[in-house]
Number of protein chains: 2
Amino acid sequence: MKKHNFNSGPSILPQEVLQQASEAVLDFNGIGLSILEIGHRTSWFVEVINEARALVKELMQLGEDYDVLFLQGGATTQFMQVPLNLLDKDAAAAYCVNGIWGDKAVKEAKIFGNVNVVSSTKDKNHSYIQKDFSVPSDNVYLHYTSNNTVEGTQWHTTPNTNLPLIADMSSDIFSRPVDFSKHSLIYAGAQKNAGAAGVTIVVVKKDILGKTNRNISPIMDYRKHIEADALLNTPPVFAVYVSILTLRWIKKEGGLVEMEKRAKERADLLYSTLDSLPVFAPIVAKKDRSLMNATFTTHNKELENLFLEECKQQGMIGVKGHRSVGGLRVSMYNAMPISSVQALVDLMIDFNRRNG
Amino acid sequence: MKKHNFNSGPSILPQEVLQQASEAVLDFNGIGLSILEIGHRTSWFVEVINEARALVKELMQLGEDYDVLFLQGGATTQFMQVPLNLLDKDAAAAYCVNGIWGDKAVKEAKIFGNVNVVSSTKDKNHSYIQKDFSVPSDNVYLHYTSNNTVEGTQWHTTPNTNLPLIADMSSDIFSRPVDFSKHSLIYAGAQKNAGAAGVTIVVVKKDILGKTNRNISPIMDYRKHIEADALLNTPPVFAVYVSILTLRWIKKEGGLVEMEKRAKERADLLYSTLDSLPVFAPIVAKKDRSLMNATFTTHNKELENLFLEECKQQGMIGVKGHRSVGGLRVSMYNAMPISSVQALVDLMIDFNRRNG
Ligand SMILES: Cc1ncc(COP(=O)(O)O)c(C=O)c1O
Ligand SMILES: Cc1ncc(COP(=O)(O)O)c(C=O)c1O
Ligand SMILES: [Mg+2]
Ligand SMILES: [Mg+2]
Ligand SMILES: [Mg+2]
Ligand SMILES: [Mg+2]
């Protein structure tokens, strides 16, 4: 039985992407070699990485002033690599902290320079987004997390700032049109909406690079990766390939506009159910709710466990909240069919009737 | 037609590993989910990573004083991460440089502290290994490249030293029994003998950690990865899985003793042919020749191109030398059947007859 996969990441991928990826592991494009066996400097792979880089730009409608990299190390490594490349020891960067990922980004940045937490929503357990705050004009960038995977909040507008804007879009990249060109750097682990675990997409506006005095380790230097056409060292070949399959799928299905439409349908169905049923209560302020990750609670811990048990029985996985916050969480990424959300909603209605 | 895959990396993998990996992309162990869709903190994946860590220790016959990590970023990231974790600004580390990879390791290390190149074989284009050299006793470690993928040399004995010994084993890990316990840190990109591109195996003796004064970025700190049981952030799930399949295959086939036996058979066949045929000439001093990567030349550039063309026609790929050194190179990793080497040797004999 195919499961209903509400995992927060690694998470659901389109079935046709899985099919194509599985075939490529046996024979890549009929060349008589597995995708796992081809050199990264062969024309076979160079075509893959070039198409991947071009597709990212196309979906984001970005021009020549941007470059796209497919790096390793996860978004967590970007928490480090961003300040390493951009933040001098004596300089300061501004961070919006809306949850545990923003918090970790701050911890890494502090190793490299000064950090201004210009906005924190910790006062209310990060159950909302604070959109008004001021940023010292001498800060070198403003960093925010566009979608808070753990807490279930999302920025529905891009932060307004004159500073170079940097976004951790790990959990909502390619799920909606955004004015990407307002950003100077965007990064995302691929394992939600953009492929499998093991590759991190970094989109960087080239004019922000090369401005620190730091002697940056070559392998950590964005410029070195750009100069090497994204082949500075062996890239995670298979993970890049899964990303390209996923990006092709997004484009074919109608691009980011269509992804957003589907995300809204799924989220509307789920949140309206949560709002209407007495047993369930969404955690996040209505206007800041994430279209990707819905967090909610039940009356008490026993009901929660009972509900989780029933989900499990019906093949619905990943419904448990993140270990740092508890409660319940349902993740609904691009590849999630509305039928899975409908099945969950049906269970919720029935569960509410029996336990209300 | 299945090709003869002499790629230097990413490179040939056992057919049954490819088969199992391909199936897992559709359905992992019959759970109704792809290996690409499972959370890294589920018991499904925790079992995988734990088995992978245990298998590495078992194959290397290492005890409790060692830990095993599956990181991202390739061996090149280890060039940086090793000195970041171990080398203070005012301290010095010793490096043997036997080729381009050792050279890159030195360049990264210089960012973090002082480097003593205690042995360099650059004088003869790295066509041999220098085994006698002295190392200042106050150096914090000695680093060497056990197999020089590009130049085709290999250390057939472990360097003798009182210092903590660190090895880049990217291109010969798991190809032979080594006294691994003489090492304090071993690392290897998996894409040769240990799996697919996208994961780097790091084996570390815990007593060398925690001795620098540097404020290490958490995601780059080996200790943080160990404390988090190798799940500090999302690991490259699929690449780890391909590694475990590869390690299981090595164990089942007879372990490192058997891998070495096969490697010697392949290398003997190839080198004896190269030595005997006038048209071909191995580059490396006999006693230092690599069992994994054989480098050689032909009389002239035209013959070289002609030979490459004939290899291509017969489905033999990856025979071209590294872009930095030219010439010809044949890589013969664990999964390479002797029949592929025999096919190449047959072509060489025939080529020599026609062009000698
Ligand atoms: C918003 C966000 N940022 C960062 C991360 C960390 O990503 P990784 O585990 O790939 O380092 C995650 C992971 O879930 C995330 O959701
Ligand atoms: C001995 C050795 N060290 C380091 C590397 C670099 O590995 P990566 O490309 O994974 O960073 C290679 C790659 O071929 C290698 O053969
Ligand atoms: Mg956050
Ligand atoms: Mg309600
Ligand atoms: Mg070397
Ligand atoms: Mg000869």
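Just so it is clear, glycine is given a Cβ too, placed from its N, Cα and C backbone atoms.
Note that TrEMBL annotation is computational and uncurated.
Feature annotations, reproduced from TrEMBL:
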type	residues	note
DOMAIN	A:5-344	domain 'Aminotransferase class V'
BINDING	A:Ser8, A:Arg41	L-glutamate binding site
BINDING	A:Ala75, A:Thr76, A:Trp101, A:Thr149, A:Asp168, A:Gln191, A:Asn233, A:Thr234	pyridoxal 5'-phosphate binding site
MOD_RES	A:Lys192	N6-(pyridoxal phosphate)lysine
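Feature map: annotations from TrEMBL on the structure.
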{"residue": "A:Ser8", "record": "L-glutamate binding site", "contacts (Cβ under 8 Å, 6+ apart)": "A:Thr149, A:Val150, A:Ser171, A:Lys192, A:Asn293, A:Gly318, A:His322, A:Arg329, A:Ser331"}
{"residue": "A:Arg41", "record": "L-glutamate binding site", "contacts (Cβ under 8 Å, 6+ apart)": "A:Leu231"}
{"residue": "A:Thr76", "record": "pyridoxal 5'-phosphate binding site", "contacts (Cβ under 8 Å, 6+ apart)": "A:Lys104, A:Glu108"}
{"residue": "A:Trp101", "record": "pyridoxal 5'-phosphate binding site", "contacts (Cβ under 8 Å, 6+ apart)": "A:Ala75, A:Thr145, A:Asn148, A:Thr149, A:Val150, A:Asp168, A:Ser170"}
{"residue": "A:Gln191", "record": "pyridoxal 5'-phosphate binding site", "contacts (Cβ under 8 Å, 6+ apart)": "A:Gly9, A:Pro10, A:Ser11, A:Ala197, A:Gly198"}
{"residue": "A:Asn233", "record": "pyridoxal 5'-phosphate binding site", "contacts (Cβ under 8 Å, 6+ apart)": "A:Ile219"}
{"residue": "A:Thr234", "record": "pyridoxal 5'-phosphate binding site", "contacts (Cβ under 8 Å, 6+ apart)": "A:His40"}
**Asked** If you average the pLDDT over the domain 'Aminotransferase class V' (A:5-344), what number do you get?
**Response** 97
**Request:** Would you list the binding-site residues among A:Thr149, A:Asn233, A:Thr234 that come within less than 8 Å, Cβ to Cβ, of chain B, in the order they occur in the sequence, writing 'none' if nothing qualifies?
**Result:** A:Asn233, A:Thr234
**Request:** Sort out for me which one of A:Thr149, A:Asp168, A:Lys192 has the most neighbouring CB atoms within 10 A, since those are the recorded positions we care about.
**Result:** A:Lys192
**Request:** Please go through the recorded positions A:Arg41, A:Ala75, A:Thr149, A:Asp168, A:Lys192, A:Asn233 one by one and keep those whose C-beta falls under 6 A from any atom of ligand 3; give the result in sequence order.
**Result:** none
**Item:** pyridoxal 5'-phosphate binding residues A:Ala75, A:Thr76, A:Trp101, A:Thr149, A:Asp168, A:Gln191, A:Asn233, A:Thr234: largest Cα-Cα distance, in Å and rounded to whole number
**Value:** 30
**Fill in**
For ligand 2, the recorded positions of A:Arg41, A:Ala75, A:Thr76, A:Thr149, A:Gln191, A:Lys192 whose CB is under 6 Å from one of its atoms are none
**Prompt:** Secondary structure at A:Thr76 (pyridoxal 5'-phosphate binding site) (DSSP, helix/strand/coil)?
**Reply:** helix
**Prompt:** When you measure from each Cβ to the nearest atom of ligand 1, which of the recorded positions A:Arg41, A:Thr76, A:Asp168, A:Lys192 fall under 6 angstroms?
**Reply:** A:Thr76, A:Asp168
**Message:** Using DSSP and collapsing to three states, where does A:Asp168 (pyridoxal 5'-phosphate binding site) fall: helix, strand or coil?
**Reply:** strand
